[in-house]
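Okay, so here's the structure we're looking at.
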Amino acid sequence: MGSFKFTYILILFFTLCYCEWKFDIKDYINLKLSKHFVISTNIAIQNYSQMLTDQLKHGLHFHIHLNTEEDLQIYIKTKPERLSKKTKFIIIENDENTTTLTHPNKLVEGFITKEKYGSYVIGYLEDFYFYGKIVMTDKVFYIENLKKYIDIFPEYFNTSYNAIAFERDFLSSESKNKFKETYYLKPQDVDHSYRTISKRMAVRGKLCSLLVLIDYSFLSIVHHFNTDSAVNQVLMAVEEANSLFRSTDFDENGYPDNIGFYVKYCIVEKTRRSNLLPPYSGTPMEAKLFVKMFSQNNLLPNVCLGVAFTGQSFKNNILGISYSPVPAKIMALGGICGLYLNTLAVSARSSGRNILQFIFNLSLCHELGHSFGADHDSTKKCEGYLMSPQTPPDQDRKHFIFSPCSKRDMLITMRHKGQCFEDDHDAFCGNKIKEETEECDCGPVRDCWEFDKCCIPHGRRNACKINRDYGYKCHPSQGLCCTSQCQYANLESYGLECKNFQKACPCKSNEKNCTCGVNGYCLGNQCHSEECTRVGLEECSCPKGLNVTNCRTCCFSKTNSTLTCSLSNEITRYAVKLDRGILQHLKKQPHKNKLQNVKYGFYETYCDGSECIQLYFRSVQFGEFCTSFGKLGNCSVNNVCEIQEKLFVYTGIFDKRLLRSGGILKINHGFNALFVLYLAKYIVLNL
């Protein structure tokens, strides 16, 4: 009776359905009649291990012959380690756990030398060969190990070819696959109260930690027991998902929200006898059974999400399956930051054959979307995006990004279930967010070459720096002193000079007149207005009590051990009166002959006997340019110089935003959190 009662409660609060991405391998792997070609990606070097430790740090070149008129020279170097630099590797072998693993070959990135700013290369090295993705201005090639498809291409066995290249436009145009359903846990509406969502969750620079499980079938069948190869394929897929999420503007405020991933644990099964997943079966398995057993892993409460990669085929040609908080509500147990149902699984095989890397990556991104709360894009307004029930028919950009509908649902989920996200303190070049160590960030390579050639894309030398080799001086994201053509703004008519606006303090020790910012000079580590520094004083923010009608500059003065912040012309008058030597010093300065526009200020005359000097002081009205501590701003209606913050991104390069996020969440106040925990565990064990 007790068991029946508990089951009744379970049905009352939750409904369960599952989602499957059906895949007919014949749609893709009828390669005898399709566009493809086999190639060699050998990197000519004598000492492979030495190459990994030495040459890749500085970069190396190799040639590859794709379906083009000539060989392509490619430059690659070690990719900055972000996804796996904190990873704890756990090897399961002979029923024992080992936490020591020779670090897998690092991912590499680079570009085609003849398309330096219009191409991107990412991949990994296995033995002496390159595998990965090559992005060109009009094509995308996936370079995969020929061994994975030797049953389809037996004629290439024991030849000099090691790889097969696929073009993504061929892949997407041929696909007719359909997404069905994934595991959705849906809380029922029972006596809910409402509360509104806060305007914006502080999600910039947040990381979702991953438990990655590479099972025995993925290692043995897909990668022939090559651990490095298996780990690198997984990292490639996670990197693709990471780039997508990092550059997505979930809250539609004009800036990406920098939500990313890192691999906290990587478990590699080297034995058939592991009890972490169902035993491998040569026949397709129920996907529900697979993800159910994975959800019992003891490490899951320590991570945001668990992702299992398998070579096990699922019934009905399902490739991916995940628990998902759909609809996106606070009591939805599945998906991110759950304790037991924060899992998803991706298979690398269907119908007894390996699937293509492109489909593998797409499947992971799609299932991660479900885990973050995105439902399928079933409405006409949002059809054709990544979460569409149908894979993309062409290369349209929107097929590889989240729709406004998906972003809205994912934002709600993150706001109310993202408590396990971790702060990200490192800059990530390529997320469209300009971080501390960057001058600019144009995002993915395609956005850079189409919209923002002023910025060097990631994967290049000096990535996320201004592309000065092409004559660009600055970036519009840096503020008002840079034009949309990436040149210094000409504000001479305003009496302002922008050429130094990027220069910060302190100065080099050998500089006498240390200029900084806009019309500023360095005093120590701080840039101050010339109106203050020329009399040896520091700038200060004008106090509210001053009776002024324009935006002015104020300086500190010290009287009887008391610091006072006053208007610059008043302080100058007082300083000259106290010390006549200041006037002699001012006469020697170059500014005395510089004529300024009295529309934006005024002159005051200071005399020493028969010789006089005129000094200019800025005074601008509402809406005009003003300066504060060497920064350029606009005068506000309250006569305060408001500095335009350096934008995270150059918003002009992005499409118009379709929606503004918002909505209402329903909360059941009577639903005990501890009961939710027990109920979640019960679901995992009794599905």
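Just so it is clear, glycine is given a Cβ too, placed from its N, Cα and C backbone atoms.
Whatever TrEMBL says is automated annotation, not expert-curated.
Given the structure is predicted, the values throughout are model-derived calculations rather than measurements.
What TrEMBL says about this protein:
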- 1-19: signal peptide (SIGNAL)
- 206-410: domain 'Peptidase M12B' (DOMAIN)
- His366, His370, His376: Zn(2+) binding site (BINDING)
- Glu367: active site (ACT_SITE)
- 426-524: domain 'Disintegrin' (DOMAIN)
Model confidence over the domain 'Disintegrin' (426-524) (mean pLDDT, whole number): 87
Summary of DSSP states over the domain 'Disintegrin' (426-524), given as helix, strand and coil counts: 16 helix, 10 strand, 73 coil
Number of other Cβ atoms within 10 Å of the Cβ of His370 (Zn(2+) binding site) across all protein chains: 30
Number of Cβ atoms other than its own within 10 Å, given for His366 (Zn(2+) binding site): 25
Number of other Cβ atoms within 10 Å of the Cβ of the residue listed as 'active site' across all protein chains: 28
Residue pair the residue listed as 'active site', His376 (Zn(2+) binding site) - Cα distance, angstrom, rounded: 11
Assigned element (helix, strand, coil) containing His376 (Zn(2+) binding site), judged by DSSP: coil
His376 (Zn(2+) binding site) CB neighbourhood, other CB atoms within 10 A: 23
